[in-house]
């Protein structure tokens with residue numbers, strides 16, 4: 001029996017490496033040799049420290065003890081019967097939710113919002129990409145354009161795709177002043193994508209000066225401010241002659257969400273991308289009287305994720321430039337500890353050829 005090394009998250013801020021059997025693809029499945037696998041903030045929040053549940057199902061933790069990693073990218077090395085659209089040797093990224101395929105949300109191309117039986121997230125309710133090989137459904141695959149690296153693909157499969165959907169929902173265009181609050185990996189990508197869409201001016205806000213410096217270094221931000229700066233909504237209003245046309249909150253923080261709302265121009269769009277938490281505001285004074293719109297955006301669709309990959313190629317923008325730390329699978333414990341510290345940009349686990 002051929003075996004492989006795989007990483008599990010038992011909780012208590014630890015990583016467990018195990019030797020397990022290499023899976024065999026069944027009908028409509030492929031076996032992928034992993035090349036790069038990202039670590040997402042949700043892995044840290046919901047699994048790494050402790051196995052969390054949602055308010056809707058408080059007695060059922062989201063993580064069900066599978067191989068972790070929901071940002072996988074690699075190369076197909078074997079295929080089961082019934083596969084028709086891909087071939088061995090194809091470089092692919094994997095949409096990180098495998099949906100039922102038949103519910104209204106799956107029909108719209110959004111497996112993330114699947115309401116049918118059998119919905120499973122790679123790395124949470126089925127084996128994910130923190131292993132030498134990944135078993136995936138052919139329907140969940142997206143072909144990686146030649147110009148993009150495996151690291152780019154891993155980042156696209158969740159973080160970049162999430163930012164891309166927010167940019168689309170916010171209808172960012174060349175006439176827009178864009179504000180991004182929270183410059184973690186998703187926020188950094190939101191600025192990069194806003195740049196690709198031709199945004200007139202891009203403003204970033206974060207608690208950490210290191211993240212502002214990184215955004216400047218990447219060339220994706222025109223103006224950056226610490227979140228502790230006094231009077232930020234007024235400063236942004238003066239800079240933009242009335243406020244941001246589009247504000248994207250990627251912080252998931254109550255203060256960040258309120259800042260995004262209050263810094264938006266009349267008739268502007270506010271997109272909430274960051275997960276968890278709450279926000280409180282005056283409905284009349286902060287929203288209605290300014291004719292502002294609030295839009296919720298959760299991950300993206302298969303179609304938009306594929307379009308995102310091609311847009312990045314056309315715009316010559318490379319998500320890998322925001323990766324600050326790379327680890328081997330054997331170093332997964334160090335990778336998660338660093339990601340949990342917040343003292344980094346994007347973190348990936350890479351695999352040898």
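Placed from the backbone N, Cα and C atoms, the Cβ positions cover glycine too.
Within 40, 103, 106, the residue that Swiss-Prot lists together with 70, 158 for binding Zn(2+) 1 is 40. Listed in sequence order, the residues of the same chain lying 6 or more apart from residue 100 (Zn(2+) 2 binding site) and placing their CB within less than 8 Å of its CB are 106, 114, 116, 117, 118, 119. In this structure, the C-alpha atom of residue 70 (Zn(2+) 1 binding site) lies 22 angstrom from that of residue 103 (Zn(2+) 2 binding site). In this structure, the binding-site residues 103, 106, 114, 158 were compared by how many other Cβ atoms lie within 10 Å of their Cβ, and the smallest count belongs to 103. Under a cutoff of 8 A between CB atoms, and with a sequence separation of 6+ in the same chain, the neighbours of residue 40 (Zn(2+) 1 binding site) are 70, 71, 158, 159.
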